[in-house]
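According to TrEMBL:
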| type | residues | note |
| --- | --- | --- |
| TRANSMEM | 6-25 | transmembrane segment |
| TRANSMEM | 32-51 | transmembrane segment |
| TRANSMEM | 57-74 | transmembrane segment |
| TRANSMEM | 165-186 | transmembrane segment |
| TRANSMEM | 198-215 | transmembrane segment |
| TRANSMEM | 222-241 | transmembrane segment |
Amino acid sequence: MTGTWVNVLAIVAGGVAGLTLRRGIPPPTQGWLKLVLAVLTVYFGLRLTWVSLSGSVGSHLLQVILVMVALGLGRVTGRLLRLQEGSNAAGRYARERMESALRTGGRAPWTDGFVVCTALYCVAPLAFLGPVAEALGRDSTPLFLKAAMDGLATMGFVKIWGPGVMLAALPVLAFQGTLTLLLLWAEPGLTAVRAAEAVSATCGLLVFCVALLILEVRRIEVTGYLPSLAWAALLAWWLGWGGA
């Protein structure tokens, strides 16, 4: 749970920094930070996928095909479950609350900020992908990247709603921590049938897609692909992990 604890500390640190610093981060610096975070997300996402592959070249090919099939099935499942619609609704709610707070000149109740931050931090794709990578891939980097994003966001939110937004660290700890512990409990069984590697490989590609969202290059509905993780585990158990 190292990544989740770092995420919690980053939210608190971002809030303290936002209250302490008179000025926010200048736009040019924000652009550079966004670029750095995107590049790191690309690298660590693809690395997670690569280290999850094993065996011969032929096995690698079969494993990649399995991941692609899992992504396709996951996308269909995500549409049926309307996962992206739910995520978009949370984003719209957060945007409306923020606009309302700005119109009132910062006199909005701090509870609005707490709810907005909780929704944004717990519905973000990395809130799901990070615990998967940490528990099954032994890689906390996606959660470290999320921690940086959440910390920077809190620096801005705390100027709108006050220090109460830092309490959003508690739901983040509860949600991501519970998910990580559940996956750690299931990890031995998943590893026994090579499903953990399949899930990690799929997770890595989805983390890579998050970089495209950061750079606003393409609007990929990453949340809608989250069922791919379950499909990857099921296909690996049923078909084997590429003969490896």
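First residue shown is number 1, and so on along the chain.
Glycine residues also receive a Cβ, built from the backbone N, Cα and C atoms like all the rest.
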Interface-richest range of 6-25, 32-51, 165-186, 222-241 toward the transmembrane segment (57-74), CB pairs under 8 Å: 222-241
Winner by Cβ pairs under 8 Å against the transmembrane segment (165-186), considering only 6-25, 32-51, 222-241: 6-25
